[in-house]
Amino acid sequence: MVDYEVTVYTANRTAATTFNNVFLKLVGTNGESERKRLLSLRGPSAFVRGAVASFTVSYPTSLGKLVLVELDKKPLFLFPEDSWFPAKVEVKSPDGEIYNFPVYRWISDSKVHRFREGTALKGFEDSHQLGRYSREQELKQRQKDYCWDVYVEGIPHCIKADGPLSLPAEVRFSFTKQTEFLFTKITGLAELKLKGLVDNKTNWTNIDDIDRVFWFKQTDISGTDNLHKVNPTNLAEEIKKGNIFLCDYKQMDGVKTNTINDEKQYLMAPLVLLHKTPDDKLMPIAIQLKQKPAEDNPIFLPSDSEYDWLMAKIFVRSADFSEHQLNVHLLRTHLLAEVFAVSLLRNVPMVHPLHKLLIPHTRYTLQINFLARNRLISEEGVFTKFSASGGEGMITILRRSLSSVTYSSLCVPEDIAERGVKDVPNFYYRDDALRLWDTINRFVRGILTYYYKTDAEVQQDSELQKWILDIFEHGFLSQPCPGIPQKLTTVDELIKFVTMVIFTGSAQHAAVNGGQFDFGSWMPNTPISLQLPPPTKKGEATEETMLKTLPDVNTTVQGMAIMWLLSQQSSDFVSAPLGQYSEDHFSEETPRQMMANFKKELAALSAAIKERNKTLEVPYTYLDPEEVENSVAI
């Protein structure tokens with residue numbers, strides 16, 4: 001008889017415990033063992049949350065090199081079938097070799113589940129017949145579990161699911177996060193002391209009322225007044241110097257607007273000129289609220305009357321709300337991150353190095369997006385009902401936004417260069433994003449060049465190529481989006497694309513999500529909707545017309561509650577900041593060391609950002625790695 005020392009790790013997460021009988025089978029190159037029940041002196045507590053239980057399993061002869069383990073469980077007589085979340089199985093063979101079998105998924109039934117040994121293998125490397133069979137069976141099952149669906153024609157496809165509980169258990173929220181999200185909106189209204197205003201459909205009657213109601217401003221950002229009367233003396237000369245910038249909201253042009261509280265709403269497509277001043281500020285110097293020049297479309301200037309200039313800026317900020325939420329936030333982080341995740345789960349098996357590298361960056365994304373579609377952009381969603389661009393206009397903007405996506409716009413170094421903002425002073429997003437991109441890129445390069453030594457290996461990896469093609473077809477709808485790859489032919493191309501995937505779901509989402517409440521909690525700074533058309537002549541705007549233009553009280557509080565919701569961290573965030581990988585997917589020492597180095601580099605960057613922020617009147621914290629989640633999880 002030969003003895004195998006088996007250690008089973010149950011994950012330290014809510015509801016991971018099982019009190020069912022657990023059975024194990026080992027499969028090796030020389031044969032397979034009998035299915036055996038794992039008995040421990042600890043009894044039923046062997047598989048409770050966080051438990052590490054060891055067993056000695058004896059077989060008549062050596063099984064050779066271990067390829068996979070089979071796990072299943074059966075309920076005891078007095079206990080119902082439950083769900084178990086094993087983290088991994090570790091096996092020490094009679095000759096002292098240690099095999100690691102990552103699991104990290106829920107086992108909720110009595111079926112047999114097979115898990116490969118943790119050494120990462122690309123598709124063309126998997127020469128063992130048992131390995132190929134296991135790999136093929138896994139992908140067949142995954143393509144049944146993770147199906148594509150079309151939410152609305154013309155926007156990226158999504159996971160097919162009837163409800164959150166119909167999603168595969170491995171991608172669902174923990175109990176804690178699920179509970180938090182279910183009650184956050186109601187709790188948010190109560191926390192912000194706004195619950196009594198939900199049914200108030202009247203206009204604001206005094207700007208001071210907004211200040212008094214929204215006493216909860218956390219920083220001075222949201223109320224900052226930009227009425228600086230700066231105007232360059234020679235515009236042509238300032239353009240030559242590179243000091244003039246254009247902000248164009250052309251995607252809002254002609255969009256059908258919403259009706260809220262039985263009143264038609266208004267959304268403009270402004271053009272804004274910004275001037276880099278000698279004291280290193282970027283200030284608005286001219287605003288045109290419609291795209292085409294016309295007599296009823298004046299160009300507003302800081303030298304105009306106080307309310308003319310203020311109203312022009314309010315319309316710009318309202319357009320920016322829709323641009324930000326629909327294009328920058330929803331499309332370019334949430335929806336693309338979901339496409340990356342679904343394609344990974346459908347096409348790349350657990351044993352593949354790409355799966356091991358990217359799976360932490362898909363955490364909670366599928367469920368949070370299902371909830372966002374259901375509660376924010378559905379027919380009864382808050383965004384649909386209370387924003388100027390809700391409903392038909394929202395879909396128009398999303399379709400236009402997808403058509404405008406280029407590969408370079410998703411890659412920070414190229415995006416910064418193409419937008420001409422490399423030298424804009426005090427642009428802390430740029431500074432921190434570029435450093436984070438470089439840090440992620442070095443980490444990705446180290447991992448992928450460990451597994452892919454030649455360009456030919458990238459080209460021959462059918463699973464990798466199916467992943468990228470699925471992204472092109474279901475994310476970008478096979479449109480000729482400039483630069484978006486349909487296949488990967490070199491190691492460098494693979495590194496760049498994977499860097500973009502990780503950055504999009506972690507850093508970019510943190511940058512566009514984290515500050516929403518800080519910047520938008522004072523409603524006039526980010527109106528979710530506007531009730532009157534813009535001024536067509538100068539000199540007619542007053543405080544009264546401004547108050548009638550701003551959204552009603554109930555529309556305001558709905559917008560504030562949603563921004564508060566989207567800015568919150570869940571209680572289980574502490575286990576998922578960028579680079580903190582709680583699940584042990586890689587077995588080889590080299591990638592494990594690279595992960596440790598990645599963590600150290602992020603810690604050094606975090607310290608540098610904190611030191612920089614000490615000198616700022618308003619610290620920029622959103623890209624501090626300690627504040628960035630691994631994935632789109634809120």
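Backbone N, Cα and C define each Cβ position, glycine as well.
TrEMBL: automatically predicted annotations, no manual curation.
Remember, it's a predicted structure, so these values are computed and weren't measured experimentally.
Secondary structure by DSSP for the domain 'PLAT' (2-121): 5 helix, 56 strand, 59 coil. The domain 'PLAT' annotation in TrEMBL covers 2-121.
As annotated by TrEMBL, Ca(2+) binding site applies to Asp82. Its Cβ taken as reference, Asp82 (Ca(2+) binding site) is surrounded by 15 other Cβ atoms within 10 Å in the chains shown.
There are 19 other Cβ atoms within 10 Å of the Cβ belonging to Trp106 (site 'Essential for stabilizing binding to COTL1'). The feature site 'Essential for stabilizing binding to COTL1' is assigned by TrEMBL to Trp106.
Residues belonging to the domain 'Lipoxygenase' (120-215) score a mean pLDDT of 79 in the model. If you look up TrEMBL, you'll see 120-215 (among others) marked as domain 'Lipoxygenase'.
According to TrEMBL, the feature domain 'Lipoxygenase' maps to 218-634 (among others).
Cβ neighbours of His329 (Fe cation binding site) (same chain, under 8 Å, six or more residues apart in sequence): His509, Val512, Asn513. Summarising the annotation, TrEMBL assigns Fe cation binding site to His329, His334, His509, Ile634.
For Trp106 (site 'Essential for stabilizing binding to COTL1') paired with His334 (Fe cation binding site), the C-alpha to C-alpha distance reads 24 Å.
Taking the Cα atom of each, His334 (Fe cation binding site) and Asp82 (Ca(2+) binding site) are about 32 angstrom apart.
Taking the centre of the Cβ atoms of His329, His334, His509, Ile634 as the Fe cation site, the nearby residues of that chain (Cβ within 8 Å, site residues left out) are Leu330, Thr333, Ala337, Ile368, Val512, Asn513, Leu566, Val632.
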